[in-house]
């Protein structure tokens, strides 16, 4: 699990990169420059 540098509440493929209220990315995503990237 990677910590998000930016607030990343974007949804991609129906899955939130960082769910609201969470401080870290979940579900195999990480945030980079406000983009959700699959890891």
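Backbone N, Cα and C define each Cβ position, glycine as well.
Residues annotated as disulfide bond in Swiss-Prot: 4-25, 8-31, 17-36.
Secondary structure at residue 25 (disulfide bond), as computed by DSSP, is coil.
Other C-beta atoms found within 10 angstroms of the C-beta of residue 31 (disulfide bond) number 21, with every protein chain shown included.
Put simply, residue 25 (disulfide bond) is 9 Å from residue 36 (disulfide bond) when counted between their Cα atoms. Distance between Cα atoms for residue 31 (disulfide bond) and residue 25 (disulfide bond): 7 Å, as a whole number. Neighbours of residue 25 (disulfide bond), defined as other CB atoms within 10 A of its CB across all chains, total 22.
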